[in-house]
Amino acid sequence: MAAVGVEARPPVTAMEETCNVKGAAAKQGEGLNKYYLQHLDELQRLQREKSYNLNRLEAQRNELNSRVRMLREELQLLQEPGSYVGEVVKVMGKNKVLVKVHPEGKYVVDIDKSIDITKLTPSTRVALRNDSYVLHLVLPSKVDPLVNLMKVEKVPDSTYDMIGGLDQQIKEIKEVIELPIKHPELFESLGIAQPKGVLLYGPPGTGKTLLARAVAHHTDCTFIRVSGSELVQKYIGEGSRMVRELFVMAREHAPSIIFMDEIDSIGSARMESGSGNGDSEVQRTMLELLNQLDGFEASNKIKVLMATNRIDILDQALLRPGRIDRKIEFPNPNEESRFDILKIHSRKMNLMRGIDLKKIAEKMNGASGAELKAVCTEAGMFALRERRVHVTQEDFEMAVAKVMKKDTEKNMSLRKLWK
């Protein structure tokens, strides 16, 4: 039986053994390096989590600290004794002020060292300590939110160039409104008092409101517009309070113009009546308005414009000089004025050549400025209806017929009034 042969391996040399040892060490080093890198990534992730938690806790701590400070201040205010609320009447000296406290009366009080006396103007609301009556705090003005809504934030964009046929009225209103605001030194040099109020009266649609907006634009004043019907309130005393706060806001934003439209709704003549149907509240509102007109000085740069189409029913106490210093009438435009108004309202329209606006003005005898503007609008609507991009003479004639047709018997009584 033959023996199986076994292949003999060559003997391992020292060099080969060294290489094997180095290879095993390299593999072991790569494993350790990978392990340490993974461990390092894990530690970095933990460090980021801890930093995030630390920042979150610091933010919570800051928020809690601010709440604690706020609560401490609130607690301190609650622990302080209450104060009386008063109104400054007059500054008596360097550290004395005459204050009116309701319902107790008027007192001359000391001023705290922390109060700037230059801020203590008449009608300023202040707080007095209940033990020593020392003035220690200046309070903000209390104004009804409804009154704040009456203030027009944006300066009106109406100008004198947009008003036609009212050259004389523009001249008169410039003298009593614009000139005192821009050049008060002229009145001081002459030694005359500045006018306080102006009444604009005339039929509807003759440009009273438009002229008031133009005055506010050219004088760059705060324009406060209020309708007389807004001052007629349901509860007793509410209308009077709104009138007071209206003038307080006007003083704060001086120079300012208060424009009261439809003044006949609160300024009608008083009659003896015990019916209790709400007329007494309207009369209280008018009396407060008269008081405010008498109370503020003309040098405060507060001007009052009033507009109405029923001057015949206004109370004579409202119309007397010193309250209303000038009355400006706004009649319906004549033929030349109607032509000027038509040119103003049609200058941006795409008109065909040969349109005779003077002929249109002749046909609209007795029309107001609002009706003339309506004619231009209706003429454009007739052109739009026929898919044209220009307005013709026929469009204007049709517009005149349509607008003037509305002037029927229901308006005759008003026209007879203004003849």
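For all residues, glycine too, the Cβ spot is worked out from N, Cα and C.
What Swiss-Prot records for G202, P203, P204, G205, T206, G207, K208, T209 is ATP binding site, and it gives sequence analysis as the kind of evidence. According to Swiss-Prot, the feature ubiquitin cross-link maps to K406, an assignment based on similarity to another entry.
Structural mapping of features recorded in Swiss-Prot.
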| residue | record | Cβ neighbours (10 Å) |
| --- | --- | --- |
| G202 | ATP binding site | 20 |
| P203 | ATP binding site | 19 |
| P204 | ATP binding site | 14 |
| G205 | ATP binding site | 19 |
| T206 | ATP binding site | 25 |
| G207 | ATP binding site | 23 |
| K208 | ATP binding site | 25 |
| T209 | ATP binding site | 16 |
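Listed in chain order, the extra residues whose Cβ falls within 8 Å of the Cβ center of the ATP site residues G202, P203, P204, G205, T206, G207, K208, T209 are A307, N309, F330, S368, G369, A370. Under the DSSP three-state reduction, T206 (ATP binding site) is assigned to coil, being neither helix nor strand.
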